[in-house]
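Engineer: According to Swiss-Prot, the protein has these features:
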type    : residues                             : note
BINDING : Gly82, Leu87, Val133, Glu134, Arg147 : S-adenosyl-L-methionine binding site
Amino acid sequence: MQPDRDTLLAGAQALGCPLSDTQADALLAYLGLLQRWNQVYNLTAIRDPKQMLVQHLLDSLAVIAPLNRVAGSAPLRLLDVGSGGGLPGVVIAVLRPDCQITCVDTVAKKATFIRQVTAELRLPQLVARHARVEQLTDGPYSVITARAFASLADLVKLTRPLLAPGGCWMAMKGQHPQAEIDALDADINVFHVEQLSVPGLDAERRLVWMRPRSVASS
């Protein structure tokens, strides 16, 4: 596991979120759980451990520095929509233990897996929900995020009732989603589209930040 640990530590450092030993241990334990469960429950199409580390852990770690910059260091409530195996929700929970994080997915086995992660990694602030996001009533959330979930317009439509006043959406995308941005309602302000560089990943990554225009910065 040492090469994986070195890759993780170096990647996190390059992403501006250096890991403590405890955080690195937790993320590698999570990766091990994901690999074991994936053999039976098909949580992710990626099966190679090294690819999992880059395409799941480092890809999710790439949002930590931007999240800290935009949302600040104060505790917040975050909703991870279509979380799958807990990405990026579990990774954020490890790096931001002060935050209350809810991972929601329509697939029961994925929610069950996240509950197992919560228990084994001792992350009491991480909650898994097996539900459609539009069925949730436990908002509001300061930040709503999604990775490979749906179009920006659908994300906003399904989750807007759950967004706290002054809150924002943080959508993880690949190439610059100009067509999706153009399809948003006029009252949604895309206040930043950030290009991410994930160590070891030869693919484009963008982080799209949105908020209702009524609270957009002038």
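Every residue, even glycine, has its Cβ placed from backbone N, Cα and C.
Any idea what these are sitting next to in the structure?
Structural biologist: For the recorded site, Gly82 (S-adenosyl-L-methionine binding site), the DSSP three-state label reads coil. Within the same chain, residues at least 6 positions away in sequence whose Cβ sits under 8 Å from that of Gly82 (S-adenosyl-L-methionine binding site) are Val104, Asp105, Thr106, Val133, Ala146, Arg147, Ala148, Phe149, Ala150.
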